[in-house]
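Colleague: Before we start, here is the structure in question, set down as structure tokens.
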């Protein structure tokens, strides 16, 4: 063997290089101060207040006192666990649907669109310019009873299947879980497509060629190269879809019925109509904790802590 | 269009035979239909500036680019219609295209696994030993240096025992010293495994060091094909003469062209060119470009002109520049027939009188002269002329 | 058989275009129904063609007022969030300081929290402080949740900027202020602009947080929400369609201008 001098292996690059120390020791703190103060007072402090509200007792008329009444949590959970389960179920279904629908489109934009790429990008973002409430209301028309969409689904016997699964009731789609999931999917689809597109677009097309050259047919190339490399996009896309979908109450309210109420609906009505602040705060706190735990587990599991 | 003389229609299936293969994109012709045979076991280089069609040709062999016309044969098998994943050909990509999500072991095992081979461990380990990366098997590509990544790319392709290994600017991303080492390394591996290598490069030195046969490409055509020494000594066009090394050209007029030698008139002087080395028509009065390489020329101070032996081609001039580069000194000489004649003089005994401003006589053995058709640009293939300037950009990338 | 093969080869394209249709269908419906003349209070069923709503977009009481209010809030929230967020982004990229990790997570958390949680907790704060809900509480909330997005957008741009550019400016006799104004800021500008646009869009279209913290103040999304309960005037579709058309036209024009500029440079 001829001698080849070994170049020292490059150390793995840290995710974010430490910026150089500069003159002006106080400058960074001055720059940070106003914004961080804002977040501390109007984001972090409210969480503390909410925690304290959740263990208060009393009434609107006589005022509330902190009595460490943790039973509120238990009561809230035992009364509203179906809404919690429903929220997670709906949000998870919507997330899976978003992934299934969004991946082909992101792939299309990244690799196949050619000169149409910019136009399709604009069309993906453009719906944002119309208020999402107006667009969600449009689904009432699309899924209207006896309308063309429902008629087609009925004719194809899709509704029989979904009714059997409990997603729809009779020949209606509106006011059923399917309508709510459909609306959630629609509302958060761009949040899936954009991160997917970003991570797909970063893939060097030569890696596809290299896989092809190494005997991987197109489907294998996708499974072994493209999809694994798009994992950062998949992870952030599912998070960006799942988190807001879990807390959403707009779709359940506009497209659903009393049987499709999600935890967001409960929090909203407890806070703004029933005015039972401790219960509402406890529910909101449980939701926050549940999401933080789920997200942490998910990120651990997908092994992409350094990518998020 | 060029065809190799090698027509050994062999039973061994490693010949690459391109027949009338061409590629056009819209109105732009990347590769004009060309015929080319790369014999089994040879180290073949496609040399040219960026955009000359060399990479497109390589990609058509790999199946990554569909030819507009013509066919690709590997041995007796027509593979033109086969997708890349069905061709017994592997590629070492420019900047390697290693899979960043897989470690070195899995990168090398990729092709084996795709072909359904279950027990890959032994083969991968042997291959990693061959490229001296046994220790790095579980590292990710970004943890390796450029030279190591390059060897992974070679290992990843070679482990499949392809009939042909294609190398697309495999050393372009390495610094000069590492590049020299890898050139030797690749040559060693090629000798060891005996697989046909087709190597694309814009670096003439790299092509000449490594390849048995070099095809010089320009604007989608093969300008000339031959062994490195043959291309260097007997260029057929100014492009080849300039792209491979440096050449001096004198425009001359044929005086007598009948005998073995062609006698020419240039700037009042007389030059002799061996007829066998003349590519142009040598009828009396015709114009010919006379070329000579800088290192073939001797430089003598005008005061010593009487000592120059008879029978050598001579030209008088004045030194306008001298660059000392250690092993040699590179002079630029202004002469009536050519304003910037380049002369490389070995630093054996340095004549202290040879400084800018000195009157000198340039002289060389007529056998080192070559003649080219005068109807072509003197500057084709030089740095700064269209096409070659972009080589610098390509390297910078 | 040929159709199956064709479909197989174009599977990605067909599936992608289906998704695109799914994304755009509601906008088509919104546009079509802006020309409806509904019987009754709700505009969910097609009756007959009419341009009445287009001729009188402010014909519903409170609609245009809520639109103006939303625009005002969005403008101020954009200004506030962009200013505060840009400062943070520069501090994060350009300086070393203690508690970087804590600062980073404080910025990340608002983006990783369901809106309803932020909305509810902010409301408990306001209730505890006895603040009067209205314009100011909405603005405070909007600046809060837009801030993080601005930081991310600006940070990405500033981080990709070569620090040697600033050194080069200083080498060429620019003082710190000059360097910032003539080199750093112009280069960071696209990131700041992107952050500002995002903040504007988020604020203008926000419903959940506003719903909790608005009291009796009605922004445009709040107006739409209210009308979904009481009856949807066609004018809502008119406004939605107009915003869509104007925004897409702006994007196309800016792209055309950009293209032409690039071509001139080339």
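Using the three backbone atoms N, Cα and C, a Cβ is placed for every residue, glycine included.
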Colleague: In TrEMBL, one of A:88-111, A:256-279 is tagged transmembrane segment. Which stretch would that be?
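Modeller: Feature transmembrane segment in TrEMBL: residues A:88-111.
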Colleague: Among A:29-49, A:50-70, find the range that TrEMBL records as transmembrane segment.
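Modeller: That would be A:29-49, the stretch labelled transmembrane segment in TrEMBL.
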Colleague: TrEMBL tags one of A:200-219, A:280-299 as transmembrane segment - which one?
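Modeller: Checked against TrEMBL: transmembrane segment maps to A:280-299.
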Colleague: Name the range, of those listed as A:29-49, A:174-197, A:225-245, that has the largest tally of Cβ pairs under 8 Å with the transmembrane segment (A:88-111).
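Modeller: By the under-8 Å Cβ criterion, the transmembrane segment (A:88-111) pairs most with A:174-197.
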Colleague: Residues sitting near the transmembrane segment (A:174-197): Cβ under 8 Å, six or more positions beyond its termini, same chain?
Modeller: 86, 90-91, 93-95, 97-99, 101-103, 105-107, 109-110, 121, 124-125, 127-128, 132, 135-136, 139-140, 143-145, 162, 166-168, 230, 232-234, 236-238, 240-241, 244-245, 248, 250-252, 254-257, 260, 262
Colleague: Do any residues of this chain, six or more beyond the ends of the transmembrane segment (A:225-245), have a C-beta under 8 angstroms from a C-beta of it, and if so which?
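Modeller: Residues 90-92, 94-95, 98-99, 102, 106-107, 184, 187-189, 191-200, 203, 207-208, 211, 216, 291, 294-295, 298-299, 302, 304, 307-308 contact the transmembrane segment (A:225-245) from elsewhere in the chain.
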